[in-house]
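Asks: Mind having a look at this structure? Questions to follow.
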């Protein structure tokens with residue numbers, strides 16, 4: 001800790017000494033600052049994409065991998081939506097988006113490198129701030145170093161640095177400072193009398209304009225650097241001359257302590273919240289408890305409710321100024337989201353919190369008056385610059401002049417905190433001047449302890465930002481009365497399958513904010529009782545009639561209840577109010593396809609792909625539709641597009657594999673199945689690959705695949721049944737029998753188990769048991785006539801093996817009655833009649849079978865045998881007649 005002090009003496013108020021030397025070389029100071037920044041934020045390198053990062057990077061069509069570099073970046077907002085769209089956040093930050101794109105181009109979607117860039121930028125801002133304070137504020141390297149050190153470790157910066165989307169604030173701040181320094185460099189710092197400072201370096205002036213424009217394109221509030229430069233000019237207009245000891249006026253060197261202090265006014269960042277569209281609130285007022293009161297039904301009130309509401313809003317917003325200052329002074333309670341009940345409304349002038357507002361107003365007024373008085377005496381420019389740095393960047397976020405989409409946002413304090421740090425260090429320096437040596441030492445030790453405490457708090461805050469779970473859980477712990485944090489944590493728990501916990505937090509959110517339509521909607525999705533779920537969806541729609549997800553969920557619920565026309569209406573409304581909601585297109589098109597309204601379904605899919613071109617699920621579902629409607633070649637392109645949009649879309653890969661399998665391209669099918677397994681080693685991917693191996697006679701590979709699948713999902717009956725079937729084909733009938741009987745013991749109504757047991761017993765030549773298994777299957781009374789036909793056909797085969805030809809014939813006859821296309825049964829009936837010497841009926845059965853399978857060689861051979869027999873019989877008859 002290096003603080004310059006001067007001895008007390010007569011003559012009243014003294015300023016701190018302006019000595020340049022502080023015992024610390026610039027390189028050493030820079031190294032210490034960079035080291036402190038890295039130590040505080042190094043933990044964030046292990047973090048993942050959390051909160052707004054998901055919407056700004058992972059789900060942003062302008063940023064995510066595979067998305068081409070297009071001009072849309074300069075026409076879309078920070079989240080990838082067109083600036084002209086009603087749903088756009090109107091946050092225009094194309095250069096920040098380009099840095100995300102560059103990150104992905106160089107290092108992929110690894111969050112480590114995103115966090116590394118943020119830390120590097122924070123280090124650079126800290127170093128440039130030290131340089132700015134050294135050259136234009138304190139003109140004292142020691143004080144500049146302490147200011148930058150306080151800035152480097154302040155916990156309020158955690159959201160801006162540890163949260164990847166905070167790069168907009170950090171990078172804009174860096175460009176802001178560089179633009180201001182360039183502008184300062186372009187001015188004539190010499191004596192200019194009563195005129196504006198003249199420009200001596202057009203290059204630095206143009207550079208300042210360029211850097212300021214870049215700051216604006218990184219984050220909108222970067223434009224305020226131009227206003228800062230104008231204010232700097234205004235304060236540079238007067239007092240450019242200093243009185244010498246003999247009263248003469250002389251030009252003042254830029255390095256003189258009394259020179260006017262340029263003020264760097266970083267632009268105020270506009271907080272973005274990627275989840276705002278999933279949570280209804282009215283701008284900044286959304287963080288307060290009370291909704292807008294209704295208009296009075298009578299005019300008997302002495303004071304208009306509108307006037308009362310305006311007063312409440314003014315008092316609350318004024319208090320929020322004091323609250324933000326308190327976060328800078330004592331960053332004890334920090335949270336990623338301060339909306340929906342975090343800060344109750346200041347409803348009356350008697351609210352004790354108004355004292356904080358009044359105190360802040362008095363302090364700011366006194367400081368301003370002090371600045372004006374000191375400015376005329378060419379003293380205490382640090383206070384002036386500190387106030388400008390603190391106040392100007394925060395004006396856009398104050399809600400006093402226009403509304404912004406948040407109540408309190410920690411990352412918007414990144415730039416204003418520079419002013420706080422300057423004022424803090426200046427005050428520390430003044431106190432050291434006034435105190436004796438013992439008091440000054442105590443103050444310095446206390447400041448060191450404060451810096452250590454801030455550093456510890458910053459490290460702990462970084463741990464909170466490591467994952468979605470830790471971030472959302474911390475919100476619930478920090479602000480348990482905030483409905484939004486309960487809602488966000490419930491969403492995370494829902495995604496993790498922890499439904500009971502999710503339901504609890506959704507209900508807590510509703511207790512705190514009963515008008516939370518999205519919480520009602522999500523609660524409905526977790527409710528098993530359809531009547532209760534329907535009630536939640538309807539309540540959500542009462543609160544928000546255009547809630548497209550509630551319309552979607554209610555439509556799907558009615559679809560499951562066979563109320564298809566009502567479902568279609570709701571799904572169409574969901575699309576109407578959420579034209580970029582891809583799931584609604586898929587659900588509506590699927591419902592229309594079920595009703596064989598294929599043309600309408602096709603139109604819905606086409607419209608959906610037009611409005612949601614980046615939806616991989618929509619392309620995949622359209623591919624399924626095309627396969628079902630007999631257009632497999634066209635489906636290939638959409639499956640491939642789904643995979644292109646989402647390289648980890650294993651469902652599309654499996655569907656593409658199945659399609660190639662149906663087209664007979666087994667090698668391509670196998671390739672896509674294996675690619676899907678590289679993405680996700682799941683049983684539902686192993687199963688079709690095992691079926692491919694089984695159906696192509698590669699039984700050893702099929703056995704291995706099914707064993708892996710059964711190990712992943714040992715409770716899934718179909719996988720164990722398929723494994724038993726492979727074992728039976730490979731001759732391991734005992735093991736297959738044991739496995740199948742075990743499944744039957746768990747589920748006595750397993751029809752396929754009895755069919756497989758029949759095949760196993762038949763392979764063991766135990767036809768009695770095989771016949772018994774088929775009879776048990778028939779006792780289950782399956783509803784599908786084709787399945788019953790197959791069972792009677794199998795029963796006929798077992799009876800035929802036992803030489804019970806009449807009973808076998810009867811079973812075959814029942815089989816063809818249920819399924820006249822059962823060619824094998826017709827042929828077997830012909831064979832029985834053939835054996836029994838009933839050649840005429842045998843021929844009739846053979847010919848019926850041949851109509852179904854005209855290329856059957858076996859049938860043709862049997863008919864040829866029958867022809868020869870009939871010819872011999874004819875010859876015998878002719879001989880007998882002669």
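In case you wondered, yes, glycine gets a Cβ from its N, Cα and C as well.
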Asks: With respect to the membrane, are residue 311 and residue 352 annotated by Swiss-Prot as being on the same side?
Replies: no
Asks: Run through 86, 184 and tell me the one Swiss-Prot describes as N-linked glycosylation site.
Replies: 86
Asks: When you scan the chain for residues with a C-beta under 8 Å from the repeat 'TPR 8' (751-784), skipping those not six or more beyond its ends, what do you find?
Replies: 721, 724-725, 728, 733, 736-737, 740-741, 743-744, 790-792, 794-795, 797-799, 801-802
Asks: Counting each residue once, how many in the repeat 'TPR 1' (483-516) are helix, strand and coil under DSSP?
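Replies: Helix, strand, coil within the repeat 'TPR 1' (483-516): 27 helix, 0 strand, 7 coil.
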Asks: In sequence order, which same-chain residues at least six apart have a C-beta under 8 angstroms from residue 86 (N-linked glycosylation site)?
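Replies: The answer is none.
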